[in-house]
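This report concerns only the one structure given below.
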Amino acid sequence: MKAILALADGRVFTGKAFGARGEVTGEVVFNTSMTGYQEILTDPSYCGEIVTMTYPLIGNYGINPEDVESGRPHLSGFIVKEACPYPSNWRSTTTLDDYLKQNQIVGIQGIDTRALVRHIRDNGAQTGIISSIDLDPESLVEKARKAPSIVGRDLVKEVTCKEPYHWTEGPWDLSEGYQQQTGEPRYKVVAYDFGIKRNILRNLVAIGCDVTVVPATTPAQDVMAMNPDGVFLSNGPGDPEPIQYAQENIRQLLGKMPIFGICLGHQLLALALGGHTYKLKFGHRGGNQPVQRKAEGQVEITSQNHGFAVEGSSIDNTAVLTHINLNDNTIEGLEHCKLPAFSVQYHPEASPGPHDARYLFERFADLMEKNRQSQG
């Protein structure tokens, strides 16, 4: 069945429908990862986005019930050069096409993804539409232009949990799969769910944390009443500026206990400190972004997924910039000058991606231990 991708600037691509049939709008972005499409599909940070995979063949190892980062896909649509119809992997239980159909995700394949990615790179991420219903290019371009922008929207409320819950699952093991937490946890952590990935929670369990996940709107007073050793600020979708309630809660929690933020959590921490954020031209999405630790000069290859960044000069008086992106010199990490609070823009938990930065979870544990000892 024919399908069309149309961008708000008038560019049109014709291909074949796969996954669910229908019509969806979203910000068209690209991810440079060769693998990890299942984790990408289920990452809540992609809410409101139509994701293009730059690797030409996607779906060749199928879909399994374990490698998911949330309970369902959150992205608006999926674009690939070719979707593999016959996957081969010992863990696979279904095809990519069937998985998208089951979850009502509209996809398009067979377009020139190289041309699309170059267009986004040169002209910036923009609103687009995929349709297998309306096949009139002019009509679709007009719909794309009228679709809401991702800027200024609170997408966190669309992906956060409704009620608090306890997380006990640890990282995956080749012989045993995902293991439940054993032994007595060392630290009690409250994790704000702005769109949290499960592998972040697994890494918190791995360092000995008893993790309680709370909705994004949970008041700071309720968190403090839980008497945690630390607070974690999760990843999440879209523009951080409208998430005013989270910024205010973070301000109230600063100095009360150690705080660690990742991705959107990093941006929200910066905003809570009086900083500013801005929209990147086409964002960082992939598992091969080089980041330098400024103190040591050491380089990490990192997994990233964000379309906004922190303006470095806006937080000079309150925080130290700890990491920079070597591709474009954007801010990748910060640390409060006096209080036990730090964050990174990238994803140390990977999933998918490299594990160069998992030391950051241990650093969070060290801060909680020092804070506990200082309180006697």
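Placement of Cβ uses the backbone N, Cα and C atoms for every residue, glycine included.
For the L-glutamine site, Swiss-Prot gives G236, G238, L264, Q267, N305, G307, F308; the one candidate out of S33, S45 that the record lists there too is S45. The L-glutamine site, placed at the center of the C-beta atoms of S45, G236, G238, L264, Q267, N305, G307, F308, has further neighbours from the same chain whose C-beta lies within 8 angstroms: G195, N235, P237, D239, P240, C263, H306. In terms of Cα spacing, the active-site residues C263, H347, E349 that come within 10 Å of S45 (L-glutamine binding site) are C263. Of all the recorded positions listed here (C263, L264), it is C263 whose C-beta has the fewest other C-beta atoms within 10 angstroms. All protein chains shown were included, and the count of other CB atoms within 10 Å of the CB of N305 (L-glutamine binding site) stands at 28. S45 (L-glutamine binding site) falls within a helical segment according to DSSP.
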